[in-house]
Every structure is written in structure tokens, then in C-alpha cells.
Amino acid sequence: MASDSDTEEFFDAPEDVNLSCSPAVSPLKSETFILKEEATYSKKAETRNIELKQDDSKEIIDSIIEESQKCSDTENENPVVEEKTEVLHETLIGDSVKTKQDLLSNIPELVVTESTFHDGVEDPLQQQISEYLEPDISRSQDAGPSADSAYVPSAIENIVDLTQDLKITEELKIAEEPEIPLIQEETKDPSKNIVEDVFSKLPTSDIIEQLPPAKPPRQICVEPDIVASTKKSGPNRPPQPINAPPPRPPPPARPAPPPRKKKGDTDFDRSSGFEYQKDGFLAGGLLSPNTLTENMNRDSQPSLDLASATSGEKIVTAQENGKAADGQLSSQSSECLGPQRPRSNSGRELTDDEILASVMIKNLDTGEEIPLSLAEEKLPTGINPLTLYIMRRTKEYVSNDAAQSDDEEKPQSHQSETDGGKLKQKTTQLKKFLGKSVKRAKHLAEEYGERAVNKVKSVRDEVFHTDQDDPSSSDDEGMPYTRPVKFKAAHGFKGPYDFEQIKVVQDLSGEHVGAVWTMKFSHCGRLLASAGQDNVVRIWVLKNAFDYFNNMRIKYNTEGRVSPSPSQESLNSSKSDTDGGVFSGTDDVDPDDKNAPFRQVPFCKYKGHTADLLDLSWSKNYFLLSSSMDKTVRLWHISRRECLCCFQHIDFVTAIAFHPRDDRYFLSGSLDGKLRLWNIPDKKVALWNEIDGQTKLITAANFCQNGKHAVIGTYDGRCIFYDTEHLKYHTQIHVRSTRGRNRVGRKITGIEPLPGENKILVTSNDSRIRLYDLRDLSLSMKYKGCVNSSSQIKASFSHDFTYIVSGSEDKYVYIWSTYHDLSKFTSVRRDRNDFWEGIKAHNAVVTSAIFAPNPGLMVSAETSSEKQEGDQAEPVENIPSGALKSDHTEVLLSADFTGAIKVFINKKKNIS
């Protein structure tokens, strides 16, 4: 049924101003014209009748019946109509079904014609019907109003007579046309049968052809639909081709995002914070290429195996994941062209001196700009190539004087000089000089004897700078390994000291050529990986674990053969691999040195990188990742001698990290500003994201909260957090001081998570180490004392997270307590820790310093060897994870700019 709105639109439809009323014509001409128009526009009427609603047609038919009955009582019969009725009756009996359907399409035209004649001028269809009644203007003007009144009743009279005479053929029509009874059953109105008989007996196409041609219409226009004329019509669609393929199905609707979970009672209202869980961290899923989420339980954690690591391609590019970024393609194409030497305005190629003089770099501390050719004198000593590369890209550097300053008074003195306060500057310098003199005298008095001699020797080396050019000038040469090292503590820290009795037990110098940039222990604590400037990864193994890993290598049948790999230089290990399998656990070291925990010769060497190595990462099952300045990440395994896979990047790879729960994935941060989560078995980038900002340089990366979030550090001093499941942005921290020269963010060099306490340790190039609470992103503690202005030095925790260790550019190893021992201090600021302990055992910049994760394996070297002789300890293949653990002993390793690696053991005094 039609709605109320359709009915209102029908009666309230405005008249069409483009249609004009036509004068009336004679009944004969009117009938002839109507029949001709029905045949001409039969096809168009069929289309209109389909769209015509049944309810609207019923209302029109009812009005026609009522008016026709009134007129039939007063009007006489017309003989002309009777003759045509007989012809129509004889013709309709023999018509086909197709002709009947064509005749039914002309129903609205007769209906409109009759209703228009009766309703008069105010009928809204008057103007539309006038198009079909082509007038003779001259005759209508001569006839006048009397002619109009004579023709109109006669037309109505003829239609009524047709309906009465055609009742005879109703039964025959019902038998031939099954569609008409359906309409009658729906309407169930007996009065409508008359109109249906009229429509069924309309003239056929044969009769219309015999009629004389009518006058062509003045305006060719189809009869509009009554309801559609009041509505906005849609655009006309072109006809579909015959041999056209079927239309493409519509695309599936995009699924709606899942509803957000309501925050629980333990969630923090601060949007930038992290969720805090008392019972540890939830083992959430990690997005994989095959499934959206992969729920992993703590008991059954997936891990990487050799079969999946070695399957597929050996060289993986970052562009394999569906054109990850446009910038990658453009940068790669630009690198293929190669660097072009700059030229002068005349076209002459510039010399090296001219190029260096044209590049201006800015000192971040003083704001001074100097040519790059003069910057070598002011750069800090022991600067790494990564810092030099970043300096060329950012045109910024930090002077050597600023690197040695631990306080925030130096920039203030420069400001006072510009303001004319020279007296204040001299007073400050005098206080510094007197303070240092008193401090030196005090230390000399305390370190009487051997310590005083060591102090003089170290001052001599610093004056003549012999330690940086000649590694053999170490103070440890010819000295026993168990001698005490130089120790110092922060001013105002009165003790007791925890590392005052620390000793050097082994020196692994002589293997690395050049600086050692990174060192990492395996999860079990029996393997040490070191890498740096000589492009080689070296694996060191404990003496008591050598047989275990040697048997592992033999078990996998990799001794003496290599697997196929695209790069021949990455296949063969160094000769030390073959030699290492011949010697026993103690034949390769000095027999007098029983305290040395490591074998003096590396267990294996991995070659394949073509530039400095910057970072290392171990998995739980002895896979090793190495990142380099050659823009690649290589995958190794302790049982294999060849590179298992090579992951290519666009720029230097500064940081890598295995996922802590699923080591099939690893995170990589690059100087191209992109953070990538790699899928090792599928050999592709599973997820990636790009940082924003002026300097898009990622300098550190790691996982936190047991892999729930990934965090990166940037060159401009930001720590940006992403959820690992989709690698979407979560929040960020600006690592900087509120005042002083460190109010501008400096490069982040290291990020280490603190398990169990929902905190991270951040190292930056402002010579500060900060501990942040991830629950509210607040600063829990700031550690001062070390010098780290331009290096890639990073701090780390001890095995029980009670201490923090870091290298330094002033050749010391610095150690802090993670939290203050309030029994040692009467009044102390809880969020500042200036009470450090320093160890001097190197004569160059200490580039890396780490604690051993399982010190019990190294400390008890003497006791374990004695027990193995007497009690025949357990087989070497089954090594317990926490054997001989000592709660009061720490093992510390440090490496310097010259390639020296030293092992320290510290036994704390038992306090009863």
C-alpha cells in the first residue's frame, strides 16, 4: 500500500510550467489521436506501468467509475462509438498474449484522459493531458466556448458506452487472460470489472495501422508517472551490453573494530601510562603474518629452531613486506647511483679541504659553529664511527671540555662572561681548582703505598697520552690478575663501599683489533659475545662449559663442513674454531691462572659483516643476532659456523632485540627512522612503524614488560613506546633535564628493562642514566657520575638488579646501587643518586661494561674443580642453570676503545 507521504505528494504536486494547455478539438480527432498515441508510446508506457504503484491506480480507477456512472445517466449514445465497439469486439477475441500485454500498458492513458475531461480546469493533470490532445488553434478559436462544452461531454459519453457494450466479452476475456482475475481478486470490487473490460478491448496494432495518420505531436514527451512526477528522478542508466560479463559482486563490508574493554580497577587514568599487574605481566599474543593474534601461554612458549631459521631465503630485504614505505624505495634508488663529488660554480670538482671547509657544524653546548676541517681538534677522544656519521648528518657535535663536566655550571659561566661578570667566573674556577686539589691530596694520603704509585703512573699516562696509541702500556702488564684495581668513590660518599675489593681475574686482550662496541651474555651466562670495529663476532665460553657446547656442535655435525650460503665470506669461521675443538678445557691457558673463568681463545668467530658491529642479541636457545653499520642484521647459531640468514636494511642498524617470549621475532631499529618487527621463519617484516620529528634517527631499541611493548630511543632524546601486537604508537617520554645544558634532549644510547618492577633504565648522551616508572612515566631515579657525551655507551643491571654499571669516556667503570641504602645516608634525595663507585682498569674509553647473569658459574672455579676431582660431579652435558650461586659475589666485564676485555670478580664482605 502506498504511504501517506506518497498520497500527499500526489495531491500537492505543483503544476509543470513547461506544459501549456491546448484548445479542445472535435471528438473524432480526439479519439483518433488517442489511439495513434497509444500505439506510438506503447513501449514507454510499459516501463511506466511497472513503476506505477497499485494503490495509486486503484484510486484513479475508482474516481473514473464514479464519474462515468454519473455521465452515463444523462448522455445519449453516439453511433460512431457503437460502430467502433463492434470492430473492437471482433478483433480482441483473436488477439495473442503479447498484444494483450501491450494493450494493458495503455491503461493509464485512458484513465488520465477521462479523469481530465470531467474534473475541469482545476485538475492537476489538465496540462499533462493537453500534450496528447494536439489542438487545431484556428478551429478552437472559431468554435469558442460552446464548442468546448459540446466536445467534452461527448468524449465521456463514448467511453461509458464502450464499457457497457463490452460487458458481453467478459467471460471470454477471463479465459484467455489469467492476469486480469488476479487483479480482481486483489481489489474485490465488482464495480471495477467494467473498467477492466474496457482496457482488455482496446484497439490492436492492426486496427491502428488502418486508421488515418494523425497530426504529429507538438511536444514529444512521455506521460509522466503521477507519483514519480512529484519525486526526484534518478539518473538514467545506459543499457547493459548483450555479451557483457556479469557485474562484479560488491566488496565485503569492512568489519567493525572490536569494542574497547573497560578499564579495570588496576588501570591508571593517565592515558600515557602503562597497565600495572600485580601478578606479573599477561602473556599477550604477538601478531604473525598467518593469524591476527597468537595467544601464547607461559608454560608453552614458541621458540626458534634451526629448521625454520635455515629454510627459505638466505638474504631478506626490508621491502619484501608489500612495499613497506615509499621512502625506502627512493633511498635505495639513490644509493645505487653512488655519491657524487660536489663541484664549484665553474664546474670544477672540489678538493677534500674545500669540502670540509664548506661544511659547518654547531657545538650544542656553546652554540659555536666551526668548519668541519677544524672540528677534529675539538672532538672528544675515542669517538665512535656511528657518532661521526650522525654528526655529519645532523651537523652537531659536543666539545671535549663539555663531556668532562659533570655539573651544570659551565654554560652559566659562559653566559656570565658575555654579560661582563668575569669576577664571578674566576671565583667559580678558583673554587673548582681548590676543590680538586683538596680532593687529590686526600686521595693521595689514603692511597699510600701501592695505590699512590698507581696514581702517579696513571697521571703520567694521562699527561703523555701514551695509553691511547700503545695498548701495551697498560698498568696490568706483568702484574698478577688478582691484584686490586684502582678504586674511587663520589665526593661525599663516605662508605661503606661494595666494590672496594674488586679484582681483575682475566684479561682477554689481543683478540679484537680496534674498539669493542658491544658485549652480551647468553641467557644461561656461559657464553659471551663481543663485537666491534674489526667486523668480527667473537664467542667466548666458560672453561667448565666448553665440552657441553663442543658436543653440541659435533652433534649437529657442523664441524668440518659448512652449509650453502650466498656469501662465501660468511661461511668459514676463523682457524680458532678448529683449534678450539682439539684443546681441552685448561690446556690453552696459563696453568698457574686457575681463577680465569673463560677460555683464553674464543670458542668461534663469525665473519661476514663489512663494517663496525653495533649491537648483539641472544635468544633462549643460543641463536645470536648481530647488527652492523653495513646496514644488515645477521643470524647465527652456536652450533653452526655459517651465517643462517641476512636481513638487509636501508641504513645503519643501531639496535636489535629478540622477543623475550617468542624468539621467532626480533626488533630492529635503524637510522632510517623505521622500527621493524621481523619474522625469522617467514623471512619477512611482520610489522613496522616510522617515527616522526626533525631528526628521524633511532639509536636504541628494546622490549619492555616481558614483550608487551616495544620501546625505541631517538637522537633527539625521546623514548617512544609501541604495543608489540600491532606496533602502534602508545606513548613517549622526553628524556631531558628541566634546566641547565641538559634541558635539550640528547641521544638515547641504551634502554634496559627492570623485570618485576615495571621500570626501564635509559642511558643518554647527557652523561645521565635515568630510571623511569612505566605506570605513570615518572622519573624514579637519576644517576650521575659517568661521562657519556658522544659514545654509544649503555648502562645495565646486575644479575639480581641491585646494581647498575656503565662505561665512561674518562676510562672508569661506574657502579651505582639501584636504590639508596638509607642506612648509609642521613639525608639524601630519593630521586637522585650521585653516590657512585668507580673502577680504573683501562687506559682508554670504556665502551662497554656488563654484569654476568650467573656469577656462581665463574666465582667457584677453584672449588668446582676440586669437587670434580674428588666427587666426580655431574656430566658436563647437563649443566644446572643456577649451580653454585653466591648472593654476595658479582662478576663484571668491561671493554675499551683499544679492544681490551677484562674480567672482574668482587666478593662482598659478609655483614653479620
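Glycine too: its Cβ is placed from the backbone N, Cα and C atoms.
Bear in mind that the values here come from a model prediction, so they are computed numbers and not experimental data.
Per Swiss-Prot, the feature region 'Disordered' maps to 206-352 (among others).
According to Swiss-Prot, the compositional bias 'Pro residues' annotation covers 236-258.
According to Swiss-Prot, the feature compositional bias 'Basic and acidic residues' maps to 264-278 (among others).
Taken from Swiss-Prot, the feature compositional bias 'Polar residues' covers 288-311.
As annotated by Swiss-Prot, region 'Disordered' applies to 399-426 (among others).
Marked as compositional bias 'Basic and acidic residues' by Swiss-Prot: 410-422 (among others).
The region 'Disordered' annotation in Swiss-Prot covers 460-481 (among others).
Annotation comment: Swiss-Prot describes 469-478 as compositional bias 'Acidic residues'.
Confidence in the repeat 'WD 1' (511-550), given as mean pLDDT, stands at 95. Positions annotated as repeat 'WD 1' by Swiss-Prot: 511-550.
Summarising the annotation, Swiss-Prot assigns region 'Disordered' to 559-594 (among others).
What Swiss-Prot records for 563-575 is compositional bias 'Low complexity'.
Long-range contacts of the repeat 'WD 2' (608-646) within the same chain, counting only residues at least 6 positions beyond its ends with a Cβ under 8 Å from a Cβ of the stretch, are 303-306, 309-310, 312-316, 384-386, 389, 517-523, 527, 529, 531-533, 535-537, 539, 549, 552-553, 555-556, 558, 562-563, 565, 567, 569-573, 577, 652-658, 663, 666, 668, 670, 678, 680, 683, 792. Per Swiss-Prot, repeat 'WD 2' is recorded for 608-646.
Summarising the annotation, Swiss-Prot assigns repeat 'WD 3' to 648-688.
When the repeat 'WD 5' (743-782) is classified with DSSP, helix, strand and coil residues number 1 helix, 24 strand, 15 coil. The repeat 'WD 5' annotation in Swiss-Prot covers 743-782.
Taken from Swiss-Prot, the feature repeat 'WD 6' applies to 787-826. Sequence-distant contacts of the repeat 'WD 6' (787-826), counting only residues of its own chain at least 6 positions beyond either end whose CB sits under 8 Å from a CB of the stretch, comprise 379-384, 386-387, 397-398, 402-404, 406, 488, 495-496, 498-499, 517, 525, 614, 654, 699-700, 749-752, 754-757, 761, 763-767, 769, 771, 781, 833, 835-855, 887, 890, 892, 894-896.
The annotation repeat 'WD 7' is assigned in Swiss-Prot to 841-880.
Secondary structure of the repeat 'WD 1' (511-550), assigned with DSSP and counted as helix (H, G, I), strand (E, B) and coil, comes to 8 helix, 19 strand, 13 coil. Secondary structure of the repeat 'WD 3' (648-688), assigned with DSSP and counted as helix (H, G, I), strand (E, B) and coil, comes to 0 helix, 24 strand, 17 coil.
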